[in-house]
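Down below is the structure, laid out as structure tokens.
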Amino acid sequence: MEAETGSTMETGKGTNRGIRIALALFIGGTLVLGTLLFLVSQGLLSFQAKQEYCLKPECIEAAAAIMSKVNLSVDPCENFFRFACDGWISNNPIPEDMPSYGVYPWLRHNVDLKLKALLEKSVSRRRDTEAVQKAKILYSSCMNEKAIEKADAKPLLHILRHSPFRWPVLEANIGPEGVWSERKFSLLQTLATFRGQYSNSVFIRLYVSPDDKASNEHILKLDQATLSLAVREDFLDNTTEAKSYRDALYKFMVDTAVLLGANSSRAEHDMKSVLRLEIKIAEIMIPHENRTSEAMYNKMNISELSAMIPQFDWLGYIKKVIDTRLYPHLKDIGPSENVVVRVPQYFKDLFRILGAERKKTIANYLVWRMVYSRIPNLSRRFQYRWLEFSRVIQGTTTLLPQWDKCVNFIESALPYVVGKMFVNVHFQEDKKEMMEELIEGVRWAFIDMLEKENEWMDAGTKRKAQEKARAVLAKVGYPEFIMNDTYVNEDLKAIKFSESDYFGNVLQTRKYLAQSDFFWLRKAVPKTEWFTNPTTVNAFYSASTNQIRFPAGELQKPFFWGTEYPRSLSYGAIGVIVGHEFTHGFDNNGRKYDKNGNLDPWWSVESEEKFKEKTKCMINQYSNYYWKKAGLNVKGKRTLGENIADNGGLREAFRAYRKWINDRRQGVEEPLLPGITFTNNQLFFLSYAHVRCNSYRPEAAREQVQIGAHSPPQFRVNGAISNFEEFQKAFNCPRNSTMNRGADSCRLW
């Protein structure tokens, strides 16, 4: 996975941020382009003798894009990230409604603008498929702010008046039918209804995915769920920041309950108990560093699970979650059904805690989590109260524009419908051909380095690594099935949206989402298919299918440059991303899966020990990076997989680029860009850095370090290039420079 993101919530306020950003980019780009065009037309550029220059409009555009991002006053050998990105960051301040901002969010915003234009078109019964009509109606209902304001909290209060959603803190304040009864409270019924009807996983996460050791089969899995705060440590630590986050959460819970009709003193009392319970849950959660693939693979049948943790009716829970009206073939789920219990100790501790807790506190917590998830769908008074909470935990000061919130919601609710709408207009099929070139170049580079430069892996393990590399399956653009209108229409046939009932529409999508993964239970894993949303601005590796995936949303400038632009730009940007995803198959987790996607020990003991020894170098390197904005050091162990992928991907893409020069241009360098003095190798590294230009608010920086899988962007860039001798050659970095680690350089692949 490539992108870094800050925490966001679906809230909205109409602003002209998109227009301001577009206008600033247009003016800035026009000025730079105009200057370069004038210099070229007047012959005022000082070209090197006998050096070929590209003067096509695309090359002038590329030169302008590069110059708008760099800061030439910074020494690239001391801080390459600042050299490459300072210009972009200074010209693109973080929007007030975002916790961080960078080239990834910038491209995401541009995709959202395109989706907005598509969804705002009037419904055509003749031209639009049934699924597209539903997407447009859903968007229209989300944009119907007048109806949302008129409804206010009524749709949510309607739910809270019915079992199992009655919220004890509200007492009788929303009517006698809303009074919670301890005698009637059922933990199983509440958890199952939340998961089966609203896709809310509280305490327990139940889902279907491939069996790690039999990857052709789907299996039920049980895991720990999330918390109200993104960072588990914020419930446990006594730092100033953690305390302020807990205080903000507590006040938010109290105020939300009061907005829904609770008595203030009752809300303050009850929510203190709720917070104490959530702290207890945070204490027993399995931390990231202990969540290894081997540790989380605990396969057993439901009968064995019930014997291990008898305090909960696991079979009853699973049967209540799954809607057998949709999946009648699952009616026979019984004690012999296999499940993978990813966190047995967590579940043992969970039911010990719940067994000693007051039912009222448990009910208050469960319903709070449901209410919290629905706040984005309520009126402005709830949105503004959430914004006060967000100011503390994210640093944002305004709400997202309503259209942006709505686009994000529709995209997540109906990904394949929106995906088809997008690719029909904005995806060029010839991109697949160039992506195949990049992918095969990276595959060759990985295998070539494995054969010629890897001296620590024994022959048998190396042979199996080559087999896995050759077996990696690439998916580009979009899944073919989204073009089948009959299939997509049939998939959504039970959904009936109303333009005047946004909240009701949301509940329908939640039910659809809640039941969707159970479709796969008892079915074989389609190893050649993929199910990624085409509008996603990110890329992925799937260990269970040994696939690398590049959705259409990612394949745009400045990630993917077409054939009219220098190849150095594409190889440095999307090429490194291809290498990054490819290398995930051989990182500290991906390496445990064989070429068929099975969790299988295919490494020799000797090679595995040498791999682990070499990872220590990278763990130490990144752990020594201190991020002043976050006030924390990078977690080198937590980010190890992504750091391995960054370093390997950079080497593979550069090697593939040089092979392309040798094969396609007989070793002759590409024409240079006009008006700038960068060589093609330098452009490669600049393009690598440019897609990672990003800035953060302190709150988002702290969260990125605490729970992010990636190192912060500046350390992703500087960390990888400082380990790579080809970068040091390209920029003539002396041995004692910061970007030249020399003998201290780390390398696995």
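Glycine residues also receive a Cβ, built from the backbone N, Cα and C atoms like all the rest.
On a predicted model such as this, the values are computed, not experimentally measured, just so you know.
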HIS580, HIS584 bind Zn(2+) per Swiss-Prot; candidate in GLU529, GLU613, GLU642 listed for that same site: GLU642
Second cysteine of the disulfide that Swiss-Prot assigns to CYS54, among CYS59, CYS77: CYS59
Cα-nearest neighbour of GLU642 (Zn(2+) binding site) within the listed recorded positions, CYS59, CYS406, GLU581, CYS617: GLU581
CB contacts for GLU642 (Zn(2+) binding site) [other CB atoms within 10 A, all chains]: 22
